Structure formats: C-alpha cells, structure tokens
Amino acid sequence: MGDEDWEAEIIKPHMSSYVPVFEKDRYSSGANGDTYNRTPASSSEMDDGSSRRDHFMRSGFASGRSLGNRDPGESNKRENTSTMGGFGVGKSFGNRGFSNNKFEEGDSSGFWRESNNDCEDNQTRNRGFSKRGGNLCLFQVTNLTKLNGFQDGNDSEASVSSRRGGRGSFRGCRGRFGLGSPNSEYEQDEGTHRTGGFFGSRRSALSGAGNGDTYQSRSGSGSGRGGYKGLNEEVITGSGKNSWKSEAEGGESGDIQGPKVTYIPPPPPEDEDSIFAHYQTGINFDKYDTILVEVSGHEAPPAILTFEEANLCQTLNSNIAKAGYTKLTPVQKYSIPIILGGRDLMACAQTGSGKTAAFLLPILAHMMRDGITASRFKELQEPECIIVAPTRELINQIYLEARKFSFGTCVRAVVIYGGTQLGHSIRQIVQGCNILCATPGRLMDIIGKEKIGLRQVKYLVLDEADRMLDMGFGPEMKKLISCPGMPSKEQRQTLMFSATFPEEIQRLAGEFLKSNYLFVAVGQVGGACRDVQQTILQVGQYSKREKLVEILRNIGDERTMVFVETKKKADFIATFLCQEKISTTSIHGDREQREREQALGDFRCGKCPVLVATSVAARGLDIENVQHVINFDLPSTIDEYVHRIGRTGRCGNTGRAISFFDPESDSHLAQPLVKVLSDAQQDVPAWLEEIAFSTYVPGFSGSSRGNVFASVDTRKNYQGKSSLNTAGFSSSQAPNPVDDESWD
Ligand SMILES: Nc1ncnc2c1ncn2[C@@H]1O[C@H](COP(=O)(O)OP(=O)(O)OP(=O)(O)O)[C@@H](O)[C@H]1O
C-alpha cells in the first residue's frame with residue numbers, strides 16, 4: 001500500500017465502526033465497576049482488512065479507561081468508536097461533536113496501573129493513555145459536567161509519586177521490553193516509539209490546536225500506526241538488531257511489521273525575513289560579559305571580543321548582522337577562535353547563551369575558506385559536517401540556524417529526524433548535503449542505506465553532548481564514530497556543547513576527542529542561568545493541580561511551559577487545564593511528529609500559551625517569550641532541572657521558574673537543588689535546606705549521573721585516576737532513574 005493509500009485509510013470515517021470488546025479491568029477501582037479494560041475478542045480479530053483498523057482502534061482505547069456513564073454492556077455493541085477514546089468516555093475535548101466531554105477517572109486508573117505494574121502491564125498501560133479517540137484540540141471542553149476524574153486523578157498522582165520510588169524496577173521493565181539493554185533509553189524521542197511498537201500505540205490524541213486538521217482524527221484512529229511507528233522510524237527490533245540496520249533492513253520497507261511513517265514535515269519558509277527572524281536580546285545580555293570563563297587545555301588561542309576579530313567572510317558577516325547579532329556572547333568569544341584554530345572542544349555554557357552559533361559560525365567559516373564543493377544531486381552524499389542532537393525539534397532548530405548562517409553561500413544544510421518519512425529524508429539528502437543535522441536513529445538508518453558517506457566528515461558536533469554520550473545515546477554515538485569511512489578523531493574535529501557536563505560524561509567524551517581538546521567553562525559547569533528567577537514551592541501530589549491552576553491564572557496569557565514526569569501525565573494535565581479553560585497543548589514522545597510540530601507551532605505563535613511537556617522539550621528549544629517554566633513534577637536529575645528552566649531567561653531576557661517540590665518523591669534532589677539555587681544567587685527556602693541536610697549523602701550529589709557540579713575540566717581533578725566518581729558510583733553504567741518518559 002502506498003503512502004497515500006495509507007493516509008486515506010487512516011482517515012476514513014468507517015474506521016470508527018470498530019466494535020471494542022471489553023472485559024472488566026482487573027485494576028478497576030470504580031465503585032460501580034465501570035472501568036473496563038478492553039481485550040481482543042479473539043485472535044481472529046486481526047485477520048481481515050478491518051482487523052488492522054480494529055487493532056488501531058484497540059490500542060487507542062484506554063485500558064482502565066472509565067466508561068463513565070456508559071453501560072458496560074453497551075460497550076459490546078458495535079458503535080462509533082469515537083465515543084470510546086479520550087480520557088474516559090471517548091469524548092472530544094476539542095468540540096468535535098462528541099457528546100460526553102468530561103474528564104474521567106480512566107486516567108487515574110491508568111496512573112494507578114502504571115505505578116503498580118511494571119512490565120506486564122505496559123501494553124495496557126500504553127493503550128490506556130495513548131489512543132484516545134477524542135481529540136484534545138486546544139482542550140476546549142464544552143460539556144464539562146463534572147470533574148470526577150480529578151478526584152481519582154489525585155490517586156493517580158499519589159501513585160505516580162510512589163512509582164518514582166520504584167523507578168529502578170520500572171526501568172528494568174523498559175529495558176526488557178524495549179531493547180533488552182540500556183539502549184532502551186536511547187533515542188529519546190525515537191526509542192519511545194519502539195516501545196510503543198511492541199505494546200501498541202501510545203500516541204496521544206492531543207491535538208495541537210483547534211484547527212480541525214485531519215491529523216487529529218488520524219491520531220485517534222490510526223493508533224496502530226503509532227504503535228509501530230518506532231519500529232519504522234528509529235527502529236530496534238526485539239531480536240536485538242542494531243537500530244541503524246533495522247530500519248534500513250526493512251523497517252520502512254515493511255519487513256518489520258507495521259505501517260510506514262508517512263509524515264513529511266512542511267518545508268520552512270524560504271523568504272529572507274522568515275529565515276532571519278529573531279527575537280531581541282534581553283536587558284541582561286550585557287551582563288554575560290561579567291561571567292567568569294575558564295579555558296583549560298594546552299595552547300588555547302586567545303578569545304576574540306568582536307565578530308570582526310573572527311575575520312569571517314563577507315557573506316557570513318552579513319548573515320550575522322541580519323540575524324541581529326551585534327555582540328558575541330562569552331561562549332562565542334572563546335569557542336569561535338578555538339574552532340577556527342582547528343582544535344577539538346568541549347564547551348559548557350549556560351542555557352540560552354548562544355552555543356549554537358558558537359559552533360556553526362566557525363564551521364561555516366572553515367567551509368567557506370576551504371571552498372567546499374557546491375552541493376549537487378548525488379545518490380551518495382558526503383557531508384563535511386555532521387551535527388547530532390537528541391530530539392527532533394532541537395535538531396530542526398539547529399538546522400534552521402545553519403540555514404540562516406549559510407544563506408547566500410554554496411553550503412547546503414539538510415535536516416533528517418525520526419517520525420518523518422524516510423524517503424523524504426533521503427530526498428533531502430540526495431539533493432546535496434554539506435551539513436547534515438540529524439537525530440541519531442535516523443542518521444544511522446540513512447548511513448545504513450548508504451545515502452551518506454562519512455569519508456569527508458571534518459566536523460562532528462554533539463549538541464547537548466552530555467545527553468548524546470550518556471547510556472541512552474552513547475552506544476549509538478560510538479557506532480557512529482566506528483562506522484566504515486568515518487575519519488578517526490585525529491582526522492576530524494569534534495565539538496561538544498552543553499549546559500551540563502557531568503564528570504563521568506566528560507570522561508566518556510575522551511573517546512571522541514583528541515587528547516589535547518580544550519575545555520571551555522562559562523560560569524559554573526552545570527549551573528542554572530542566572531536570569532531565571534527560581535522558586536521552589538513545597539507542594540504535595542494532591543495539591544499540585546490546584547496550585548498549577550492558581551499560578552496559571554495569575555500568569556494570564558504569558559507563555560508557560562509546564563513540565564511533567566510522564567507522557568501520560570502530560571496528556572492528563574493538558575486535558576485538565578483545558579477543562580479549566582486554559583488553552584493548552586502538549587508535547588511528548590507518544591505524540592505523532594506532526595502533532596508535536598503542531599503543538600510547538602501553536603505554542604510559539606501564542607495560540608496555546610501553555611505547553612505541557614515531558615523532558616523531551618527540556619533541552620535546547622529556543623522559543624521566544626517563554627516567560628515561565630513550571631516544574632509540576634521535578635525531574636529525576638538536577639541537570640535535567642537546569643535544562644528545563646533554561647527554556648526561559650534566554651539570551652539576556654529574564655524568566656521565572658516555579659518548581660513543585662514534593663518531599664515524598666523529590667528529597668533526593670534537595671541537596672543539588674540547594675547548590676543550583678545558591679550558585680545562581682537565588683533564595684533557598686529554609687525547609688529545602690533542612691531536607692537537604694537530612695538527606696545529605698557524602699560524596700554523592702544527588703544526581704543519577706555522578707557529580708554534576710564539575711567546576712572545571714575534569715581532567716584537572718582526576719588526572720591519573722581511573723575512576724572519576726568519588727562516590728565509587730559509575731553513573732553512566734548505573735541505571736538512570738530518569739523516568740520512563742524523559743528520554744523515551
Ligand atoms: N551573539 C548573539 N547576539 C544576539 N543573539 C544571539 C547571539 N547568540 C545567540 N543568540 C540568540 O540567543 C538565543 C539562544 O541561543 P542558543 O539557542 O544557541 O542557546 P544555547 O546556549 O544553545 O541554549 P541551550 O543550552 O538551551 O541549548 C537564540 O535565539 C540565538 O539566536
């Protein structure tokens with residue numbers, strides 16, 4: 001079946017004629033026993049053409065979803081499936097004409113099950129929240145009769161809290177079912193779908209905004225696609241194949257079961273105004289100059305103070321001016337001459353301080369100087385530069401920056417990422433590719449398909465490098481540098497950038513970098529941006545929603561990112577906020593790529609001023625005017641906290657971050673939080689200090705990744721030592737308690 005057929009198939013109205021069969025949910029806690037878990041009536045359900053659709057629909061139905069006011073017996077009748085999805089009774093939250101617009105307790109049972117079942121329940125759990133047939137478009141709930149779901153939701157949250165305590169086992173489960181190895185975590189955005197692939201769709205029905213796009217109905221109906229998406233996208237098979245081979249070997253061509261990923265992202269606007277659109281630097285931009293910078297390593301070239309000193313070609317200078325850059329940020333002052341001098345670099349600078357331009361400008365300058373071959377059509381492209389980043393949205397953003405700075409040159413940048421049609425990625429590449437921006441999974445797939453040759457690679461950039469090297473993406477990165485044709489580290493220039501660089505990760509980075517690499521630390525390594533006013537509130541699980549609404553009502557229409565721990569919870573909270581008449585959208589790893597992009601677009605343009613997100617949106621995203629970040633749930637690690645709050649207070653602008661600290665589940669963060677707050681000269685609540693004191697663990701920072709607070713280049717601290725971790729805890733090898741969600 002061709003792509004178009006598939007799309008047509010998915011949006012056909014007849015899809016909603018699925019007859020779900022429910023059995024009583026063994027986890028049901030409803031007093032009336034009205035929470036049902038659907039199971040296939042028989043295996044023959046999948047036999048004919050409709051069975052596939054049924055399969056889709058099935059995965060869309062929340063196991064443990066409350067049927068609400070539906071008579072359980074009724075659920076055995078054939079009827080419009082659209083009434084079955086959603087949070088609870090399959091109503092639309094987007095004024096889609098469904099009748100029962102209310103938030104039901106099915107969600108709560110979803111949480112409950114999640115908290116109490118590790119592996120076995122993954123399947124139902126995934127279904128439980130993913131495939132709601134209703135679309136939460138802008139979440140305008142019209143027919144809100146009662147919020148019974150909220151009461152139960154409290155239970156849910158309580159159980160989430162308890163689950164956090166038991167993350168180890170939960171993650172273990174993921175490992176087993178996902179990839180059977182630490183790789184289960186890798187490819188944050190992409191690996192998710194693998195798991196989804198095995199356990200049915202987990203796609204959300206949250207739509208970006210109320211624009212009535214058909215994708216919303218696809219979202220609801222094409223649930224099976226979501227389930228298989230990962231297999232097609234970034235691909236790991238249960239057989240333990242290498243991901244980069246698996247897709248190449250059949251993911252997209254259909255050998256690995258499941259429908260194709262057909263999404264082709266819309267091309268970005270081509271007009272110059274759009275290409276150079278930018279936001280203003282903030283009042284604290286000049287304060288960057290006062291931040292201490294430390295460069296370590298031998299024979300570091302001196303910093304430059306102005307763009308002119310960089311001696312860039314005219315076109316680049318013109319592009320810099322059009323981008324509105326008049327002054328270098330500290331990380332640019334130090335990194336640009338280092339990269340221009342041909343040195344390898346590990347650079348750590350606070351969020352929002354211009355790291356992207358710090359690597360793009362000197363790379364482009366070199367390319368211009370060396371006179372690269374103009375891009376032209378070829379079946380095998382050999383880019384000079386490869387840039388990798390952990391999430392699709394981030395790599396797309398980096399691509400747009402590369403396109404901006406290379407405007408008017410013969411350098412062609414291309415972006416490829418999971419969740420989009422592989423053929424589209426290939427078509428982009430074969431047209432010419434000097435700078436390839438890619439997420440790891442898609443990159444390895446394309447290499448496997450022999451569309452990219454690595455012999456010409458002179459620059460390898462790892463953005464969010466600590467993330468790219470940890471146990472999630474690290475194996476993939478190692479594969480990349482050992483791919484046939486990839487120049488050795490002596491032959492290429494390797495550049496790593498992040499706002500956080502745990503010591504252990506620094507050590508791992510040594511494998512990728514020449515031994516004489518330079519280390520630039522702008523301010524405190526792993527420190528939070530000082531332009532973000534941080535507030536920590538002690539809020540128990542049961543009070544979080546109320547507090548959130550109170551804060552959001554005070555905030556008004558100012559753009560706010562709300563971070564939660566899990567994908568399900570993102571849907572749950574987004575729906576809740578919509579019911580509270582707060583225009584909200586959401587982004588997380590279970591949403592289809594088109595939905596993710598739509599959500600981001602709606603948030604960027606202010607259509608939805610609230611974006612509920614998992615940690616998939618924690619790193620790198622540069623969105624104008626994000627004034628607030630709310631950590632509804634704190635992340636598991638302090639470095640993730642630093643990245644999350646860094647979505648505001650960017651480029652000299654000020655921002656606010658409010659975090660709900662639940663002593664039940666967040667005590668392990670008290671100690672590093674106190675450090676981050678005091679380093680950023682923020683008020684530290686006395687109660688937090690007390691918790692930090694009472695949970696003090698000598699030699700352990702509270703991070704799952706060892707000591708986050710490497711104040712300097714760890715080569716200095718640990719010369720001659722085999723282990724970098726003073727606590728004797730090898731964080732990169734240890735299970736990372738970063739939730740099931742953050743990097744899925
Ligand atoms: N010299 C400059 N002058 C003006 N604006 C700049 C300058 N450098 C970067 N910017 C702008 O600052 C914003 C943040 O830059 P960027 O996204 O590169 O930050 P970052 O350090 O990579 O952040 P993060 O750690 O969150 O990834 C972008 O909008 C970028 O265009």
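FYI, residue positions are counted from 1 along the chain as it appears here.
Heads up, the Cβ atoms here are built off N, Cα and C, so glycines get one too.
Feature annotation from TrEMBL assigns region 'Disordered' to 21-91, 151-260, 721-744. The compositional bias 'Polar residues' annotation in TrEMBL covers 29-44, 151-160, 721-735. The feature compositional bias 'Basic and acidic residues' is assigned by TrEMBL to 71-80. According to TrEMBL, the motif 'Q motif' annotation covers 305-333. Positions annotated as domain 'DEAD-box RNA helicase Q' by TrEMBL: 305-333. The domain 'Helicase ATP-binding' annotation in TrEMBL covers 336-519. Summarising the annotation, TrEMBL assigns domain 'Helicase C-terminal' to 547-692.
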Within the domain 'Helicase C-terminal' (547-692) only, compute the mean pLDDT.
97
Using DSSP, how many residues of the domain 'DEAD-box RNA helicase Q' (305-333) fall into helix, strand and coil, respectively?
16 helix, 0 strand, 13 coil
Take the domain 'Helicase C-terminal' (547-692) and count its residues per DSSP category (helix H/G/I, strand E/B, coil), listing them in that order.
69 helix, 26 strand, 51 coil
